[in-house]
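K.L.:
Please find one structure pasted underneath; my questions will follow.
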Amino acid sequence: MKAAVLVFPGSNCDRDLAVAIEKICGTKPLMVWHQESELPDDLDLIAVPGGFSYGDYLRSGAMAARSAVMPAVIKQAERGVPVLGICNGFQILTEAGLLPGALMRNAGLSFICRNVGLEIQNTTSPFLRLYKKNQKIHLPVAHHDGNYTADEATLDQLEDEDRVALRYTESVNGSARNIAGVLNKKGNVLGLMPHPERMIEDAHGGKDGYNMFASLMQVMA
């Protein structure tokens, strides 16, 4: 599997994500600097990592979404290439228009860094096929702006089209309807605030994030 991990000024989870992809998928991903304007045509995955791109100035992900590399990401996503945005990556994908809604300041106005309970809502996305519907998992979060917000019509549409990927099992940050991750209409773009790459082996406290990458491998096989 050929994967690319984007790197922006302020990214700090890009190496963790690259290690997870290499460990599970067996190939070392390309590390793509944000100033690149092209991506290889034969990619099987584009991963947008967590961190604080551009220091979260203006809004989280707002400046990164306007980086030189993003038109190529949008083009590949429209072709059906799987795109995974984690934490700041999720924020970037919403700012770029690849996913609906926005990530606002946490309801408690504080940075949240802990493991949280999640419930799998969708099992048809290439990232989620090895999970079971309504399966309970735990993944770590580490964010200040993870409060998912959208208007009621958009939220209803996400529910009706089975595009809510994961839901918190409790109110973590004030997210509308406890949404932790959403999909685009095709199902090939996933954005989520929790960090699956930080929980892929028992030494990390569990392997609940492993199947998010293994699912994609199964689809590509």
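Cβ coordinates are placed from backbone N, Cα and C, and glycine is handled just like the others.
Per Swiss-Prot, the features are:
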{"type": "ACT_SITE", "residues": "Cys87", "note": "active site, nucleophile"}
{"type": "ACT_SITE", "residues": "His195", "note": "active site"}
{"type": "ACT_SITE", "residues": "Glu197", "note": "active site"}
{"type": "DOMAIN", "residues": "3-221", "note": "domain 'Glutamine amidotransferase type-1'"}
K.L.:
What is the separation, in Å, between the Cα atoms of Cys87 (active site, nucleophile) and Glu197 (active site)?
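P.N.:
Cys87 (active site, nucleophile) to Glu197 (active site), Cα-Cα distance: 11 Å.
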K.L.:
Averaged over the domain 'Glutamine amidotransferase type-1' (3-221), what pLDDT does the prediction give?
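P.N.:
Across the domain 'Glutamine amidotransferase type-1' (3-221), the average pLDDT comes out at 97.
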K.L.:
Across all chains shown, how many C-beta atoms besides its own are within 10 angstroms of the C-beta of His195 (active site)?
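P.N.:
Here the count is 22.
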K.L.:
Let's check the environment of Cys87 (active site, nucleophile): how many other CB atoms sit within 10 Å of its CB?
P.N.:
29
K.L.:
Sort out the sequence-distant neighbours of Glu197 (active site) for me: same chain, 6+ apart, CB within less than 8 Å of its CB, listed by position.
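P.N.:
Correct list: Cys13, Asp16, Leu17, Val19, Ala20, Ile21, Ile86, Gly209, Phe213.
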